[in-house]
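Asker: I am attaching a structure below and will ask some questions about it afterwards.
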Amino acid sequence: VGFKAGVKDYKLTYYTPDYETKDTDILAAFRVTPQPGVPPEEAGAAVAAESSTGTWTTVWTDGLTSLDRYKGRCYHIEPVAGEENQFIAYVAYPLDLFEEGSVTNMFTSIVGNVFGFKALRALRLEDLRIPPAYSKTFQGPPHGIQVERDKLNKYGRPLLGCTIKPKLGLSAKNYGRAVYECLRGGLDFTKDDENVNSQPFMRWRDRFLFCAEAIYKAQAETGEIKGHYLNATAGTCEEMMKRAVFARELGVPIVMHDYLTGGFTANTSLAQYCRDNGLLLHIHRAMHAVIDRQKNHGMHFRVLAKALRMSGGDHIHAGTVVGKLEGEREITLGFVDLLRDDFIEKDRSRGIYFTQDWVSLPGVIPVASGGIHVWHMPALTEIFGDDSVLQFGGGTLGHPWGNAPGAVANRVALEACVQARNEGRDLAREGNEIIREASKWSPELAAACEVWKEIKFEFPAMDTL
């Protein structure tokens, strides 16, 4: 008798409000803005269809498979408070739609063609629930927070970093000199800027050699383990791996990758190499704002953060919170928890749409970087806690006396904040006072405080939540 050809509404097949989600389903929360005249159920069902088994018309080959087994389902829709004609559509995807251990495949399905769909004005993926049945197919971060602390032999405080500036234009030897001065002054890490790859003024191999020399000299003089994030990002995966192999041969502790511009396939390969060879992996999120900055369209950074934890990285940049609005603080801390913790409860006030259970997947250390300086240290220590990397680029290299004193100032400020916290003092209220006290016995810190004192230090008490 053939089959019933023709176009039918998506909602007849893909909108299933009675569906009970399974523990193995991947769940997605989409912010959907339908075109005028498109009902929300149809829009939500269209998203479920286009990101799973559907196409625009009924096809004969539908009869050769079980759609009920493989289709995505829009199982709940709620209006967004304060927005006209905008909805959160919840979609459940059967686990078998996805290749094991492939973030690339997961994103190709969930945020693929559907984002160009005409029936929608805009579409944003707000959150994903990754079931243990899927996350267990990933290696995840090469080492994780605890193993990193053991490798570095550094406990009970945040780690300190610095991005070498000017980011482009230095020769390899001068670059290595800046690395040495910062590490010698008291930082734990220095960092290649995300766009330092292998340019005519400084080829990657020369940079790696001079930076390794700087690391070993600083280690010998301070008795502390030091690292420099050697950026292995390259134009091909083969070239990227070549750089990572060379870093391992030099014996340095950590390499770096730009995971969005480099791509998830390259990143996952590099993360697996890093675990097999004892390298830590620092991840920069260049290009994230292209994807996550628009409120109505794209993908929230918390989804990119979850994807990175699956693909693999030991550190990832996660914003600074300082000086931003209170609401953003809560949302940032939400995805910081998604990066670090094993089990994260659903909490809509922090932007967490689903309870996420990572089981035993190692955690990722969030990196606070961008426009921060010594006066921010109490706030950063309070907000991010010990398992974080605080990165001061200009806040180190901009010190009036030079790089090493800039590093000293940051280290003194950090140690003062950690000590004050451990003594039970309230960093939120006494932050400025703690920094002032410390600067009395550190001329380097006093000079840094003087330079950046104009920059406002507003840190409202945390108990106003």
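Using N, Cα and C of the backbone, Cβ positions are placed for all residues, glycine too.
Here's the feature list from Swiss-Prot:
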- LYS4: N6,N6,N6-trimethyllysine (MOD_RES)
- ASN113, THR163, LYS167, ARG285, HIS317, SER369: substrate binding site (BINDING)
- LYS165: active site, proton acceptor (ACT_SITE)
- LYS191, ASP193, GLU194: Mg(2+) binding site (BINDING)
- LYS191: N6-carboxylysine (MOD_RES)
- HIS284: active site, proton acceptor (ACT_SITE)
- LYS324: site 'Transition state stabilizer' (SITE)
Asker: Taking the Cα of ASP193 (Mg(2+) binding site) as the centre, which of the recorded positions listed as LYS4, ASN113, ARG285, HIS317, SER369 lie within 10 Å of it?
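Answerer: Of everything listed, nothing lies within 10 Å of ASP193 (Mg(2+) binding site) (Cα to Cα).
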Asker: Going by DSSP, is ASN113 (substrate binding site) part of a helix, a strand, or coil?
Answerer: helix
Asker: Near the Mg(2+) site, what residues other than LYS191, ASP193, GLU194 in the same chain have a C-beta no further than 8 Å from the centroid of the listed C-beta atoms?
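Answerer: So the extra residues in range turn out to be THR163, ILE164, LYS167, ASP192, ASN195, VAL196, TYR229, ASN231, MET256, HIS284.
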Asker: Which one is it: of the binding-site residues LYS167, LYS191, ARG285, HIS317, which Cβ has the fewest other Cβ atoms within 10 Å in this structure?
Answerer: LYS167
Asker: I need the nearest neighbour of ASN113 (substrate binding site) among the recorded positions LYS165, GLU194, HIS284, using C-alpha distances.
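Answerer: So, spelling it out, the nearest of the recorded positions is HIS284.
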Asker: Given the recorded positions LYS4, LYS165, HIS284, which lie close to HIS317 (substrate binding site), meaning Cα to Cα within 10 A?
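Answerer: So the list reads HIS284.
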Asker: Of all the recorded positions given, LYS4, LYS165, HIS284, which has the fewest Cβ neighbours within 10 Å once its own Cβ is left out?
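Answerer: With the recorded positions LYS4, LYS165, HIS284, fewest surrounding Cβ atoms within 10 Å: LYS4.
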Asker: Tell me the Cα distance separating ARG285 (substrate binding site) from LYS191 (Mg(2+) binding site), rounded to the nearest angstrom.
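Answerer: With distance taken Cα to Cα, ARG285 (substrate binding site) is 14 Å from LYS191 (Mg(2+) binding site).
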Asker: Starting from the Cα of GLU194 (Mg(2+) binding site), work out which of the recorded positions (LYS4, LYS165, LYS167, HIS284, ARG285, SER369) are within 10 Å.
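Answerer: Checking Cα-Cα distances against GLU194 (Mg(2+) binding site), the recorded positions within 10 Å turn out to be LYS167, HIS284, ARG285.
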Asker: How many neighbouring Cβ atoms, not counting its own, are there within 10 Å of the Cβ of ASP193 (Mg(2+) binding site)?
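Answerer: Excluding its own Cβ, ASP193 (Mg(2+) binding site) sees 18 Cβ atoms within 10 Å.
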Asker: Least buried of the binding-site residues THR163, SER369, going by other Cβ atoms within 10 Å?
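Answerer: Candidates: the binding-site residues THR163, SER369. Fewest Cβ atoms within 10 Å: SER369.
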